[in-house]
Amino acid sequence: MAFSTIFILLICGICTNMVSAIFGIGGGVLMVPILRTLFPELPIQVISATSLTIVMCTALINLLFFHKQKIKIDYINMILWSIAMVIGVQIGFELSFYFSTAIISLIFTVSLSALAIKTFLNRSRIQIEVFNMSPIERAKGSISFCGGGLIAGITGIGGGSILAPLVGQLKGVKTQQIAVYTNYMMIIGGIGNLYGYLTRAFLYDASLSGQLGLNFLVVGVVTLGSFEMSFFSMKLRGLMNPVLTRKLLAIILFCIAAYMCILEFVFH
């Protein structure tokens, strides 16, 4: 692997950690387009598996810092929503092998564009203190996260960019809890999807070093960059204004969607 590629991947790790810690999205929205650009010879499924592994490693780093900050969540909700996400992820994973790269890229682009518009137009809601979430609200969350997992499984974006706006719409979830919920669900939901990718047979020449269903060398380099950035990201997270954070998230999602669309349908 060229030094320039390693440098780019380190920068990707830094950016991945920032968007994961500050916005609650896993970084898959960054990694999928970047990996498609750096390694165009790899199948989209291998890129998705590599992206998911990076997302899980970054989420684990963030959770260690969240634990030190003593941010509490409802673990019953987290488990129920994670199970729903896993179901959606597995369905999406199986469907991804029946879709062409163009269709997967189209789903990726449309999903991110819709989320960007919704996030940008969404007004700040009044924070309601709810200690016991109603069964209806929990069911609403489960259905939403199953759908989010479906899109994540098809596209390999990790689910955080989809889950973060959905978690924020649920009553009883505080703003500072959103990133904690999504990071937990990205790890749990990603495990099943990653297992499927690693045990699935691929018909391609794995010529890159560190390649086994996913590229472990890429994962290691990006995770290293993510770890180096983690402390600064948590400090920056505490300084960011919620309104500004939401607007920036919308802009990031839209720019990535536009880039992926141009990469696939203009230059491909």
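Here the Cβ of each residue, glycine as well, is placed from N, Cα and C on the backbone.
Residues 34, 38, 54-55, 58-59, 61-62, 65, 157-161, 163-164, 167, 178-179, 181-183, 186, 218, 221-230, 233-234, 236-237, 240, 245, 248-249, 252 of the same chain sit 6 or more residues outside the transmembrane segment (6-26) yet have a Cβ under 8 Å from a Cβ within it. Look at Swiss-Prot and you will find 6-26 (among others) tagged as transmembrane segment, backed by sequence analysis.
Here Swiss-Prot flags 46-66 (among others) as transmembrane segment.
What Swiss-Prot records for 79-99 (among others) is transmembrane segment, and it gives sequence analysis as the kind of evidence.
The feature transmembrane segment is assigned by Swiss-Prot to 101-121 (among others), with sequence analysis given as support. Non-local neighbours of the transmembrane segment (101-121) in the same chain are 29, 32, 44, 151, 154-155, 157, 161-162, 165, 246-247, 249-251, 253-254, 256-258, 260-261, 263-265; each lies 6+ residues outside the stretch with a CB under 8 Å from one of its CB atoms.
What Swiss-Prot records for 147-167 (among others) is transmembrane segment, and it gives sequence analysis as the kind of evidence. Residues 20, 23-29, 32, 44-45, 47-49, 51-52, 55-56, 59, 84-96, 99, 104, 107-108, 111-112, 115, 118-119, 122, 141, 173, 177-179, 181-183, 185-186, 189-190, 193, 249, 253 of the same chain, all 6+ positions outside the transmembrane segment (147-167), place their C-beta atoms under 8 angstroms from a C-beta of that stretch.
The annotation transmembrane segment is assigned in Swiss-Prot to 178-198 (among others).
Feature annotation from Swiss-Prot assigns transmembrane segment to 212-232 (among others).
Annotated transmembrane segment per Swiss-Prot: 248-268 (among others), in sequence order.
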